[in-house]
Amino acid sequence: MTDLSDIRREYAKGGLRRADLPQNPMDLFELWMTQARDAELSDPTAMCVATVDEHGQPFQRIVLLKRFDDTGFVFFTNLGSRKAQQIAANNKVSLHFPWHPLERQVSVLGEAQALSTAEVLKYFMTRPKDSQIAAWVSQQSSKLSARQVLEGKFFEMKAKFAKGDVPLPSFWGGYLVRPSSIEFWQGGEHRLHDRFIYTRHDAEWEIDRLAP
């Protein structure tokens, strides 16, 4: 077994105080996202999306956040993917944003709601053309005999859609994750980290400090 117990560091970039918290957690998330982007972090919109299968087995994968507002967090995916199939059976999900260089994390619990075709199409048409074509090519989470099969299909579809717009695949969609709780974590000295959790009660948010 590889021993990693001596890998550690101190957290000293600043604290998080109750008096500094807005009543709406999305306001704090917007501030932290802006600061993550301004710090030029690698993939600041990358989030870990966790779902659970019918046996209670959790699965995680990195997905890019594409939009957020007071209603929640939006991402897009292949509707035949494992994550989409699991969401169809159990729409309770969690999201996690690991902004390590800023010594920050944000964890979200909520329910995923499918977006309308109009909303999906609006975003799909903003994607680069090669990305639109790739959406047609990949049967996400299915087994492949070789990468060449995938590449061959890509170039075949690229030739097919050489002229004109790429249509939206019927098996491609998106989700809005409506949060029931959002936790903000800020690293602190001596492992005395600051953790605050916002919990939704109807239209109001309750704020609690959690022990590190």
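Just so it is clear, glycine is given a Cβ too, placed from its N, Cα and C backbone atoms.
Annotated features, as they stand in Swiss-Prot:
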type	residues	note
BINDING	Arg8, Arg9, Glu10, Tyr11, Lys66, Tyr123, Arg127, Ser131, Arg191, Leu192, His193	substrate binding site
BINDING	61-66, 76-77, 82-83, Gln105, 140-141, Trp185, Arg195	FMN binding site
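All features noted in Swiss-Prot, drawn onto the structure.
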residue : record                 : DSSP (3 states)
Arg8    : substrate binding site : coil
Arg61   : FMN binding site       : strand
Lys66   : substrate binding site : coil
Gln105  : FMN binding site       : strand
Arg127  : substrate binding site : coil
Arg191  : substrate binding site : helix
Entry from the binding-site residues list Val63, Phe76 having the most other CB atoms no farther than 10 A:
Phe76
Go through Arg8, Lys66, Arg191, Arg195, the listed binding-site residues, and name the one with the sparsest Cβ surroundings, counting other Cβ atoms within 10 Å.
Arg8
How big is the gap, in Å, between the Cα of Val63 (FMN binding site) and that of Arg127 (substrate binding site), rounded to a whole number?
15
Given that the record lists Arg8, Arg9, Glu10, Tyr11, Lys66, Tyr123, Arg127, Ser131, Arg191, Leu192, His193 as binding substrate, what is the largest C-alpha to C-alpha distance among them, in Å?
44
Nearest by CA distance to Lys66 (substrate binding site): which of the binding-site residues is it, out of Phe76, Arg82, Gln105, Arg195?
Phe76
Please report the number of other Cβ atoms within 10 Å of the Cβ of Arg127 (substrate binding site).
14
From the Cα of Phe76 (FMN binding site) across to the Cα of Arg127 (substrate binding site), what is the distance in angstrom?
11
Need the DSSP three-state call for Arg82 (FMN binding site) to compare against my parser.
helix
Tell me the Cβ contacts of Glu10 (substrate binding site) under 8 Å, same chain only and six or more apart in sequence, or just say none.
Glu189, His190
Cα-nearest neighbour of Gln105 (FMN binding site) within the listed binding-site residues, Arg8, Arg191, His193:
His193
From the Cα of Arg8 (substrate binding site) across to the Cα of Arg195 (FMN binding site), what is the distance in angstrom?
20
Rounded Cα separation (Å) that holds between Leu65 (FMN binding site) and Arg191 (substrate binding site):
29
Report, in whole Å, the straight Cα-to-Cα distance of Arg61 (FMN binding site) from His193 (substrate binding site).
26
